[in-house]
Amino acid sequence: MAFREAHVGLNPRAMEIDSGEKRLNELGYKQELRREMSLFKTFAITFSTMALFIGTPLYGSSLLYAGPASMIWGYVVVTFFTWFVGFAMAEICSSFPTTGSLYFWAAHLAGPRWGPFASWCCAWLETIGVVSGIGASAYSGAQGLQIIILLSTGTNKGGGYLATRSVFLSMYIILTLIWAVLNSFALQVIAFLNMISVWWQVIGGFVIIVALPMIASPTQSASYVFTHFETSPETTGIHSKPYAVIMSVLLSQFCLCGYDTAAHLTEETKGADRTGPMAILCSIGIISAFGWAYILALTFSIQDPAYLYDPNNETAGALVPAQIIYDAFYGRYHSGTGAVIFLCIIWGTYFFAGLSVTASAARVVYALSRDGGVPFSKVWRKIHPKQKVPINAVWLCTAISIIIGLPILKSNVVYTAVISIGTIGWVGSYAVPIFARLVMDEKDFKPGPFYLGRASKPICLIAFLYISYTCSVFLLPTLYPLQWDTFNYAPIAIAVSLTLIMLWWVLDARKWFNGPVRNIEFQNGAI
């Protein structure tokens with residue numbers, strides 16, 4: 001696997017324009033978005049979408065299912081297989097540096113016969129995934145604020161304020177609206193904020209990872225962290241040990257996705273056929289390393305495992321990592337102020353993640369609308385004349401994410417359901433172009449600067465099988481016995497959505513949807 005040298009033709013204009021724009025023109029699209037993003041800025045937004053602390057709300061349930069060993073080593077296994085997906089996507093991104101990314105890739109890799117159907121499935125899976133991703137970030141942000149306010153006003157034991165469901169929903173909605181407003185400005189504003197996000201996460205993450213175990217006294221032993229296995233059937237209702245292990249790894253599978261954001265920004269990135277793949281792989285590498293270190297820091301710092309889930313503890317048992325951090329600070333300093341500061345650092349990553357996911361979701365909807373694949377496409381594909389951003393698509397994604405969050409008023413497993421829907425849609429959309437790349441004739445593939453060569457087929461096969469497994473486990477019930485207030489409604493939501501999408505295809509869309517629509521033509525090799 002290596003970066004191949006790009007071959008530039010003799011056309012003087014082709015030699016003048018950016019290599020990413022040149023490839024975009026060859027694929028049939030004219031440059032409409034402002035191309036001014038550097039590798040670091042693209043990496044910053046991708047890194048922020050993945051977010052170092054984004055899986056914090058899932059830590060408690062992952063620990064409860066099968067103990068620390070399963071969660072810790074599960075993260076390593078998930079990271080290993082994530083690299084296969086990342087390499088497969090990086091190769092395709094280098095060949096097709098377009099904002100439509102995944103569904104554009106699917107259309108071209110599947111060929112003229114299956115291309116439209118593959119593109120349709122991929123586009124809608126991805127749309128479901130990224131829009132749900134906004135909801136997951138908003139839920140994490142609202143929960144983080146809920147706990148920060150609780151600890152700042154006296155803790156659950158000291159009469160602190162614990163936000164009600166309606167207040168929680170209000171915080172959820174306010175966050176989505178703030179992200180929409182910020183995404184209505186030029187992408188450079190988002191890029192600047194996400195450059196701050198990178199340093200926020202790297203510096204803040206380093207401080208928490210290093211300081212938390214030093215503050216905690218005593219810390220758990222290495223044998224507890226790396227070898228202790230314990231299920232909790234009395235709480236989870238899950239008696240099968242393999243099932244419990246599968247559930248404990250959901251944290252890692254959710255955290256290590258979102259790296260396709262770099263692909264969505266390729267039409268706004270300089271030299272995107274090179275910088276896109278590099279941003280994808282850099283994000284996976286850094287997030288996987290920091291994420292594992294963060295989980296280790298939390299686990300080593302546990303004071304009393306049973307107390308973490310007590311509804312009468314300082315955080316009302318609502319957020320296990322918050323209780324771990326609070327116990328560490330209170331045990332040493334008899335004050336929870338440090339815990340509030342650490343939680344503010346973690347909350348900042350939720351905010352930046354939501355900002356980035358909103359940017360990514362809007363560009364997915366814009367790209368699909370540009371090709372007529374969304375109802376009222378003419379509305380959603382409009383670009384703001386000054387800011388050059390798909391502003392209508394931004395607000396459409398925001399409105400849908402708010403609707404997704406409304407069950408907060410009644411259900412106790414909204415977060416689990418939202419991340420399940422998001423992961424199945426988001427990661428599931430990766431499978432379509434990767435499978436198409438796997439089965440296509442190699443001579444029909446035009447590689448970009450990043451090319452895997454003979455390793456491509458085996459890597460794509462492993463990546464596809466891993467994605468299929470990931471989507472399957474997120475459909476499973478997470479608690480037993482099944483009840484209305486603990487029911488994971490993700491399978492129903494996914495089934496209804498896909499049924500409607502497939503019916504639309506069979507009854508109507510197959511007659512007119514041809515996948516990505518060229519909006520530029522070549523004449524005698526010139527643009």
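In case you wondered, yes, glycine gets a Cβ from its N, Cα and C as well.
Remember, TrEMBL labels are computer predictions, not curated facts.
Noted in TrEMBL for the protein shown:
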TRANSMEM  39-60  transmembrane segment
TRANSMEM  72-90  transmembrane segment
TRANSMEM  167-192  transmembrane segment
TRANSMEM  198-216  transmembrane segment
TRANSMEM  278-302  transmembrane segment
TRANSMEM  339-368  transmembrane segment
TRANSMEM  389-409  transmembrane segment
TRANSMEM  415-439  transmembrane segment
TRANSMEM  459-480  transmembrane segment
TRANSMEM  486-507  transmembrane segment
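Only pairs six or more apart in sequence are counted, and the transmembrane segment (198-216) with the transmembrane segment (339-368) gives three or more Cβ pairs under 8 Å, enough to call it a contact. Segment contact holds for the transmembrane segment (389-409) and the transmembrane segment (167-192), given three or more CB pairs below 8 angstroms at sequence separation of 6 or more. Counting Cβ pairs under 8 Å that are 6 or more residues apart, the transmembrane segment (72-90) and the transmembrane segment (339-368) reach fewer than 3 and are not in contact.
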